[in-house]
């Protein structure tokens, strides 16, 4: 029934249905708006990096106090293996003999910070810091520090060999010619906090 000037008159079934429909639409719109507001909160929160994600990308420290000449230390940074190699005097002396056999002996391709664009690709000549991922298809090469092994040839002066497809890198992480890998291994940003601690993933410019 609806009020009129003369009292009340009956509402048709069609009118009742239309009114119900309007009420339902309005109620649904209100609930939908409120629900969207609540749904937005976890979505926005999910776009913020979690503590674990931030930690995964954070710099890591490498303690080299017990790293003997010729030895390699593996550190995990951003989910990637990072190598720290303590090169012996013999290893350093052999580096220049590799130059004619390398794709990029002077590190012209920017695979390293500017402060590592030198013959040893390092801050301190005796310590190499490199990401242990082959630049071909992302395998992790094997550390082969020995000189002249049977499987790598008499002219091998130590380095890294990728068993997946045969790429080779010397002890400055520089790629040899005629192998699948196109570029030298990546040298990450790093800085020496003291004589025995390297901070990997950060340097003086970003500290």
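Positions of Cβ are set from backbone N, Cα and C atoms, glycine also.
Keep in mind that this is a model prediction, so the values were computed, not measured.
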Problem - Range among 24-44, 45-65 that Swiss-Prot annotates as transmembrane segment - result: 24-44
Handout entry: Winner by Cβ contact number (other Cβ atoms within 10 Å) across the recorded positions 134, 164
Key = 134
Handout entry: residue 134 ([2Fe-2S] cluster binding site) and residue 164 (disulfide bond), Cα-Cα, nearest whole angstrom
Key = 10
Practice task
Ten-angstrom check, please: count other Cβ atoms within 10 Å of the Cβ of residue 139 (disulfide bond), all chains counted.
Solution key: 16
